[in-house]
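Reading through the structure tokens given below for one structure.
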């Protein structure tokens, strides 16, 4: 049986009174083992279907052939688990579902015939099978324990001396256990029934005194079933120990649907913590089974419930789960969540083994091997006499086994496992040198307790059980709870004649569980030395008294007399004077103690007299809810007005705290060192989370949404433009913690804060699928930012659940999104993929923008260079005309009216008359002047040609002119376009001169390209010379050109520097090398405006 999956069954109950009053519709249907649910808000969508091991339809009556009764549920699940318990396996059955879904009814049931739940039927069947299997070699023993887990505290329900919370510990051999939890020996089903009844009474009394609700606590009823077998051949005793755990989980409900607030909301948070941890454990185990993630970390110790159920979930146990469903459409979200929970659970596989002694296991395996070999020999035709001889030898060997067998090897304690990052202490002697004396003493005492408990005989256990039973009866008698004539405590029965009080509780399982007799004469109620002892905040030492006075006609009249200052209500009205009670009256003492007065004899006499019932009691059942509603109505308390007043107070408080947060954020924005948007948003996120979380502790998510929408979120007052492009995430600093030591829990909390902030900024328009996608995206982003692994695969699910619990989801949008998506986790995965694709698209766009920044810069450089080059031919034409005319034209001063009038003519090139066909040199010269693209290409070619000739010439031939004609152009290896700028020191010498010495040596043109003397030619560009100041330069450019500035015409174009970037004018050095200088040059108006144009005229030494 090892390696079997968890058995999962779902059961749907009938409508309750609340659902019937609201005209609820059934949205759950079952066909065989398939359960389907329809979204009431998206009725056109296909229903979601789930398949389980069992689907029980209990929505109708017993006349329906499809109706599943309590007996059928036990036959399918209970009998199978009980069979595993007899085989020696651990067994666990737990019920899960929302409050009021029928978990307690399925597990415990009622006292009426045919209404018993799984637990009573299993206990009764256990003892019936034990009585049927009695033999001399077999003996059985049964021990039970009953505990309650409320707000992460463990309470023993069978030990009246246990007052506080018990500690949960983990032994490396025994596993998790509750320290000092009583285990009582029982010998019959009646003993178990009495103990269960006592446990329920203790649970009811404690819940009433502390104003608790049993539906908010987990109940665990454990049966330890031991089978001892004596082997006559070996003379050894073997034991098989089975642990049967029957768990009734607390209700999984939403705070907004239950109206919880204050302490109830805190209880719900603890319930959600335990149930959420249970969901995490189930998800982690399911992922391990599906081979999605192999992780050794299972968060068992995150809650007491999962810690105690560690062996039952994925461990050494046979486990079954019953999911209780509500069929109403108003509970659609809770029902769908329960179905998904159950669907996840069925993927878990448990590795159960038989719990028996090692020697017994060895002997059993050897006996099975002998039987198998004997059958093999018989099949091969071995004679019967030979088999008899083998039997004789086998018997002699078995007889010698006790003498030669070694003692059982001690079970070596396994190494302690690591949970939540801390090492669980072990009992191995290697660690005793590392612990302190106090811890060593505590471990020693605990080990001695365990040894004493294991060595305790059965008779001692029975005596201990009897002593505890007497103590419980004495305690109940002291409290005024009725006791049977045979000494057993009261179950659910009503006396025939005696007037009495029966308790009412919010949980139906705890209603009518306590019965208080009203004796003849005076019965006092209070806290100390009273006939009926009650405790609580509003119960006085002497609260009230009941007078039972017989009348002459035989009728007994009971009168209630309240004490001064004590709050006592009858049928919702405050009682200040003695009042005669009628059967069926509702009595409220203090705030928490609610009773119904029953007078059987009075009711019988009224029926005999034909007295009509009073008009007061309604047709609905008189339970705790009716008593509370009646109390509020009679006291004139309008629940709606009270809730509105409370909401207004909370809204005013939120508004005040928001204003304080706004002032704080504004101060931080003004005086902080950094005023970036990220820092401001981060501070706003933290303040928003603080206010929303404090508000959520007192109100449901829907009300929180209303208040936040109305009042807004804290802000520093600085408006931020919406970001259109995905920004690469920067590392955030976690509040109060070094990011280097950030854990996965810190990242989850940070993700919850940021997602809640984003959802609140969007006016809570996010649906369930959108929140899941945000959670997955945010967790990946944070893990990548902080260098953490992606963590558990369902980490984003926990984040999404926390966001739902905090801010809820869109009203109707969440259900719609859930209905339109794929079933279960598929829809979330699709949304996750979509969000991931959007994120990758954004990152790709950002990378494109970053990579194209240099291209944009180069394009801007090219555009500006083209605009500058349009000026260069004009300056060259003016220079040619001036030199051909032999005089320097007058240039008006800069800024004068003449300069403004001359500017348009300077910009336009002068018209040239048509000329005869040009030679190749003239054509090249014309293109160099008129075509900037041709000029750039030819200048680049000349530059490469000069460098090549300079390399060929060598160091010895640089004194004279170059005589070799230019050869074929060899393109360089690096053809990247370069822009030498005069303002950059590294580029000033990028085109060095070809000659050596103080004066540059011009190149002589080769003979092949020497122009014909008869052909008129324009003056080619002058060779590279030293810089000369312009007319508008800072060092005075008004000097006239001398006569010695004439130069012989060079035969080759020399490359010139040109600048495409406008640069501010820089002063030239005062000391210049001696030599002839050019006459003053008038800068064109466009160049004067740019102020950074390259020098178009350069001064050079005369050749």
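Every residue, even glycine, has its Cβ placed from backbone N, Cα and C.
Note on 110, 720, 1041: Swiss-Prot annotates omega-N-methylarginine at 1041; no matching annotation appears for the rest, which is not proof of its absence.
For the annotation phosphoserine, the record in Swiss-Prot points to 1092 among the listed residues 58, 896, 1092.
Among the candidates 217, 258, 295, the residue that Swiss-Prot annotates as phosphoserine is 295. Scan Swiss-Prot for phosphoserine across 406, 428, 494 and the hit is 494.
The region 'Disordered' annotation in Swiss-Prot falls on one of the ranges 808-828, 829-849, 850-870, namely 808-828. Residues 400-438 are the range that Swiss-Prot records as region 'Disordered', among 322-360, 361-399, 400-438, 439-477. Checking the ranges 721-771, 874-924 against Swiss-Prot, the region 'Disordered' annotation falls on 874-924.
Secondary structure at residue 104 (ATP binding site), as computed by DSSP, is helix. Taking the Cβ of residue 101 (ATP binding site) as reference, residues of its chain lying under 8 Å away and at least six apart in sequence are, in sequence order, 13, 251, 324, 325, 326, 334, 338. Within the same chain, residues at least six positions away from residue 102 (ATP binding site) with a Cβ under 8 Å of its Cβ are 11, 13, 58, 324. Helix, strand and coil counts from DSSP across the domain 'FHA' (523-590) read 0 helix, 33 strand, 35 coil. Set side by side, the binding-site residues 97, 100 differ in how many other CB atoms lie within 10 angstroms of their CB, and the most is found at 97. The average pLDDT computed for the domain 'FHA' (523-590) is 86.
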